[in-house]
Amino acid sequence: MRRSRLGARVFSRGHVGAFLALAFAVFGGGTLVTAGAVLTETGLRAQVPPERLAHAQLLVSAPQRVPVDEDFDVRLLDREPVPADLAERIARVPGVEATAADVTLPVSVSPISDSRVRSALTADAHDWAVAALASPPLHGSAPAADSIVLTRELATDLGESLSTGALETGDRVDLSLGDTRREVRVAGIVDAPGAAVHLSTATVASITRERVDLIAVRLDDGADTDTVAEAVRDAVGPGFVVTTGDARGAVEALGVGNARLELLALATSIAGTLPLLVGCITASALATAIAGQRRELALLRAVGATPRQVRDLVAGQATVAAAVGLAPALLLGYVLAGWCNTKLAAAGVVSVQLPVVVSPLAGAVVALLTLTIVRVSARAVALRASRRPATEAIGEAQVEPRPPTRVRTGLGLALLGLGVIPAFAALVIRGEDAFLSAASGTLAGIVGLALAGPVLVRAVTGRLARGTGEGAPVTRWLAVRQTRAHALRSAGSVTVLALAFSVTAVQVYAQSTLERATAHEQTDGVTAAARIVGAMTPVDLADVAEVDGVEAAVPMVSTSVLRSNRWLGETTTERFSALAVGPDADRVLDLDAVAGDLAALRGESVALDATTARRWGVGVGEQVALRLGNGEQVDPVVVATYQRGLGFGTVVASTDLLTMHGLARSYDTVLVQGDAQAIDGLEAWADDRPGQRVTPLTADAALTTERPWLERWLGVVVLIPMLGYVLVAVAASLRTTTRRRREEFATLRMLGATPRQVLSMVTREAVLLSGLAVAAGIGVAVLPMSILGAGVLGRPWPQGPLWVLPAIATILVVIAVGSMRGTTGRLLRRSVSP
Amino acid sequence: MAAGLDTPTTGQVFIGGREVSRLNETRRTLVRREAVGFVFQSYNLLPSLSVAENITLPLRLAGDTGDPSWRDEVIDRIGLRPLLDRRPAELSGGQQQRVAIARALAARPDIVFADEPTGALDAATADDVLGLLRDLVDDLGQTIVMVTHDPRAAQWAHATLMLADGRFSTAPSMARPAAVPAGDVVESQ
């Protein structure tokens, strides 16, 4: 062992460049993977301490997830309720001082000044009994049937619009709660966190009778939290979750739990695909490093090293190089994770900013994984070189590695073909599945290219060689022949450059095509005259409907539904984003119905995307088993199936379905049908309401989804550092392979080639390599994206900014030419000697 | 240095009557490819090119088609006609060195520098190659300057200079193969 370590030190001295390339590959990849791992750990373990319910040492809630056989549970995004009478059972447990049932109701509050309702704000309302558990500083008295308590923050916000300062005890406000509006008195102002309204227990009970969000529990002074928690668990049974400590934060605010889920999904998708990429780059850097010392390895074999010793030696070298790159990568990864976390929350991709979990675990896992991968792949790459008979090894050490086997080429060609086929799915199926299958096909194409690359490069350059005969300039003539003769070496560079090109093309065009198709369907599908955005209650909706000229006002709520399906004998549960719309949906929306009518969307009913309905095997008039976002099982009737699934989602439900099953949410958007007078009236109505915005919809104004740009383009944003990393790795590998050609350049120089001729030859080789890569990228990525464009939008070319293709092609050429020409220039500055 | 690969710190180098020691790298290259041919110990053929392409490479680099009849004569004289389409990797060491010699002669240089041309060859093959070089001198009037450590190889020359400890010394008299006429031994100044 010690001998081979010594060998590693002495030996790698001559190949510092190649091993630096490996160290760099590990550094770049390690940084990104560490950041992904830290965010994954944050998604798994981050906790935000509770605020509003901080004084309740225990929170008892529903599990908030649907169990799935042999898979991770599916989280419910809306609050899963618990029975209100649970509070009494908990109150009987020794050590419990008091309990209170917590609910969150959407209300809108407007101060009344000079007998006029002013500036309405939408807020969450809670039962005063919950806040009272903490005995917070209250100015005034507790709320009663005709009065409410405001938090200091909300009182200030409401007062600002009156320019009279914050509201005070005794002021009168208009309160919309459920579908009623009444005038109430401000009984008190409380110094508690957030902008909220507190109602009397009786008022809350008139809205929600049996089901509440959770039970807040306050313990006796001196009671041991863990002991009481255990007792409460026994009292409530296994169907409920008892939470203590900082974990309560995620129970109080569903957003925290949802953010963890969002972050986890995001981080695992990055941390999941990255190791593949890093593995490829590292393996290629390793292959270059080992190819550079084939002669030394052969010599070692000749002087008596066993194949195993040779592999030990190579693995030792690779481990040292990887460790050099890994150490700074781990540090930088943690910093990068913190930065990403802030940016993601600021852009709204993640609902709530979670504190990054900084523990050595993520770093340790990445380090262990990376070093293992490097060691194993170093042994694998060195396997063939180490096993050959020592004599043969010396003889062949100077020539190119042996040509690839037929099996490899055949498999590669098959994968290349298979890569394009999924794109054709877009011609038949609609929806996001088409995008997914087209984009995933590209991956197969890239792997195919890596396998069949040498043979393809040889075939193409062979054809070029026949085309560049005696008459061609000598540098072009040489460049074509050199590229062809070193097909294996060239194919490696072509594959990585093509990977960069195709991954960029797919990320950009899959997203832009999806956006265009979605916008297209939404523009065509919304027939309303105006749209109002901002949280609104049923009472607000009634106000809108009464504006002169308004023919229909249809509320919409974004939610999610779960569907369990049996597929090949296994039950899978999937979550789908869903849109809930109010009655008269047919007057503001045209979903391009295949069967049924949107006018029937009232009560317990849904409309389904036609492709999905086919897959689920349900038709119009039949019932479909779903779970709502809060876990309630429902069996609504399918009243219509529609084509515009990209623009409007898989499921369009009736808002009645939500309210009938305890999902009384405020509306996100209201679509209004009416004339010009209606729009003027709406704008006047919205003047007094800072929370709502009215937008008239002209024929070409799309109902663009309000997703933040970072979320939509996250794929591309994540891609940029990865791409930079890939390209720097390619540049390093090209420099290493060019450096190995020192003797060849010296020979050419002695045979009469001027430095300019050698440079020109290398430049042409670089242009040829990057040209081949771009051609391959067009085949692997642009072709599927064009088929996708044809299938989804009827336009057979990539849908999106076309300048991306020439831009990335130029970057590839600049990198290839820059690294190969630069290295050659440095080699040529040395004096010519045999 | 005499071949114009490097420049002297003092003194002058003339190739074909032209002073090359003060020329820049590109100009020296132009002089070299017109006037000088090289044969190396390790052949230095480009593995990506066929035998024919290797032979014509210096001419192509000079942007010159050369004299086809001269090239054919060289190829036939060296016996490479049946090997023209092969790659260097498919040839024996002796055959590769013959290709290198043909390449050196293709541009009809004033002088060919041969650096240990037989250093990597077995004795019989080395004799073949040296015989060929000698024949080229005798039959075609080609000037060849050969550097060697092998006294047997040196015997094939018309004139021999001994270099010891960085200085030319008078060459000892050497036995020569019967078929080879004795050359002049040039003494160092």
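Count begins at 1; order follows the chain as displayed.
Backbone N, Cα and C atoms are what each Cβ position is placed from, and that goes for glycine too.
Annotated domain 'MacB-like periplasmic core' per TrEMBL: A:43-234, in sequence order. Taken from TrEMBL, the feature transmembrane segment covers A:263-292, A:313-337, A:357-378, A:411-429, A:435-457, A:491-510, A:713-734, A:766-790, A:802-820. Annotated domain 'ABC3 transporter permease C-terminal' per TrEMBL: A:274-374, A:722-818, in sequence order.
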Exercise for the section: May I ask for the residues of the chain that lie six or more residues beyond the transmembrane segment (A:411-429) and have a Cβ under 8 Å from a Cβ within it? Expected result: 435, 437-438, 440-453, 455, 611, 779-780, 783-785, 787-788, 790-792
Practice task
With DSSP as the reference, give the number of residues of the domain 'ABC3 transporter permease C-terminal' (A:274-374) in helix, strand and coil.
Solution key: 82 helix, 0 strand, 19 coil
Problem - the transmembrane segment (A:357-378) touching the transmembrane segment (A:802-820) per 3+ Cβ pairs under 8 Å rule - result: no
Problem - Secondary structure composition of the domain 'ABC3 transporter permease C-terminal' (A:722-818) [DSSP: H/G/I, E/B, coil] - result: 81 helix, 0 strand, 16 coil
Completion exercise
Per the Cβ filter (under 8 Å) with a sequence gap of at least 6 from its ends, the transmembrane segment (A:713-734) is approached by 20-21, 24-25, 28-29, 32, 266, 270, 274, 277, 281, 284-285, 288, 349, 492-493, 496-497, 499-500, 503-504, 507-508, 510-511, 766, 811-812, 815-816, 818-820, 823
Practice task
Please give the sequence-distant neighbours of the transmembrane segment (A:357-378): residues at least 6 beyond its ends with Cβ less than 8 Å from one of its Cβ atoms.
Solution key: 22, 26, 29-30, 33-34, 37-38, 40-42, 44-46, 275, 278-279, 282-283, 286, 290, 311, 314-315, 317-319, 322-323, 326, 330, 333-334
